[in-house]
Amino acid sequence: MACKRTPLPAAPTRYKKPNYHLLHALPLPLSVTPLPPLIPHNPLSLVHIIIAYLFPPTSSHPSPLHKGFFHSSTRSVHIIEKETIKAFWNHGFFGKGNLSRSEPTWVTRRRRALGVIGRDEALTAEEVTERRRGERREFKMERARLEKEKRDRQLVEEGKLTLEGNEDQEGTASGSSSSTARAVHFAPVESPSSRRRSLERPVADVEDIEHLQLTLEEAFFLSFGLGVLELTDSDTNKKIPQKDILQLFRAHTYFPPQSPQSSFEPDDPFMLSYVVYHHFRSLGWVVKPGVKFAVDYLLYNRGPVFSHAEFGVLILPAYSHPHWANDKSRKEGKELRPWHWLHSINRVSSQVKKTVILVFVEVPPPLDDDEEIGVADLLARYGVREVALRRWLVSRNRD
């Protein structure tokens with residue numbers, strides 16, 4: 001007796017994504033103008049390059065600069081202007097929406113829930129990912145069900161399994177044949193009022209109340225490192241001078257916040273985290289917070305919309321300078337960590353296929369009381385060393 005072939009369930013639907021390569025073409029919120037080509041046998045081409053370098057046609061920085069508001073209650077910088085939010089997210093993936101998981105998409109999801117836009121219009125990356133995961137889950141469940149029915153029919157034909165019940169042979173045969181039919185999912189029935197709302201499409205749009213929230217490290221990198229952001233204190237509504245931003249951010253990394261006029265140690269939390277953030281950003285990585293995976297930072301090759309993070313960064317202070325030789329409190333309290341702490345983090349990272357990077361920040365000795373240096377010279381006093389840590393797994397490292 002020929003065995004009937006069980007039809008496989010339909011493959012999950014592939015939704016069309018936006019052109020991320022075009023939206024995120026620029027790695028930073030700066031306008032870059034390419035230089036003219038150098039022609040070796042034409043000396044005048046060198047003159048064109050020099051003129052274009054010294055007198056660029058357009059400025060690389062926006063005019064006026066982007067504005068952000070520092071909030072001491074949340075210890076973050078809020079971006080309210082829509083053009084600035086678009087520039088910071090599309091060109092570097094800076095910040096996150098305060099009402100979203102990552103990309104600020106609250107207004108799109110809200111408009112879809114109220115029927116202003118259709119179910120498949122302007123899908124965000126989060127919605128596409130959620131739908132694909134749900135369809136993949138249903139596809140696997142349907143495939144497992146069909147495979148189980150196929151095995152049961154084969155066992156019945158071989159006489160190794162008997163079906164329970166009072167049905168006759170014809171009923172059993174018809175039931176087995178009907179079980180091979182493809183499962184059909186029907187959409188929920190809409191009420192006339194909801195269908196009327198979806199057809200009419202409300203005229204009143206949804207007000208976008210979401211803002212972009214920057215961490216202190218991201219805000220300082222955009223302000224000091226790139227020079228495209230100017231900060232305003234939300235309490236006083238006054239512009240914060242560039243020379244006071246570093247002290248203000250260092251003071252608010254403590255809880256409760258300290259006074260910005262107080263003297264800070266070289267190993268304060270903001271300096272250690274910003275040195276690592278600036279280091280990887282300058283190397284071209286997209287750096288995002290990694291508290292979800294028990295690490296300090298996550299490193300993306302191009303950005304969250306292109307691929308998952310490849311590495312998780314742990315920041316560890318290193319006191320190898322002779323100035324800290326007799327400081328046992330720092331060496332034993334901050335430099336040394338228990339083995340089970342590292343083993344737990346490494347286990348979590350290996351489960352999500354990420355490599356742990358131990359970043360040792362060489363802490364310099366403190367400055368003299370009468371010594372004042374700039375921010376660039378202050379950052380140059382720190383050193384960074386990376387050590388990759390991988391968990392050895394028998395199933396993956398057999399060869």
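A Cβ is built for glycine as well, from the same backbone N, Cα and C atoms used for every other residue.
These figures come from a predicted structure and were not determined experimentally.
Sequence annotations record features per position, and here TrEMBL assigns active site to TYR300 (among others). Sequence-distant neighbours of TYR300 (active site) (same chain, six or more apart, CB under 8 Å from its CB) are PHE93, TRP285, VAL286, VAL287, LYS288, PHE306, SER307, HIS308, ALA309, GLU310, listed in sequence order.
Marked as active site by TrEMBL: HIS308 (among others).
Within the same chain, residues at least six positions away from LYS354 (active site) with a Cβ under 8 Å of its Cβ are PHE293, LEU298, HIS308, ALA309, GLU310, PHE311, GLY312. The active site annotation in TrEMBL covers LYS354 (among others).
According to TrEMBL, the feature compositional bias 'Low complexity' maps to 171-181.
Summarising the annotation, TrEMBL assigns domain 'tRNA intron endonuclease catalytic' to 270-362. Looking at the domain 'tRNA intron endonuclease catalytic' (270-362) alone, the prediction's average pLDDT is 92.
The region 'Disordered' annotation in TrEMBL covers 156-202.
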Can you count the other CB atoms that lie within 10 A of the CB of HIS308 (active site)?
11
Tally of residues which DSSP labels helix, strand or coil - the domain 'tRNA intron endonuclease catalytic' (270-362):
40 helix, 24 strand, 29 coil
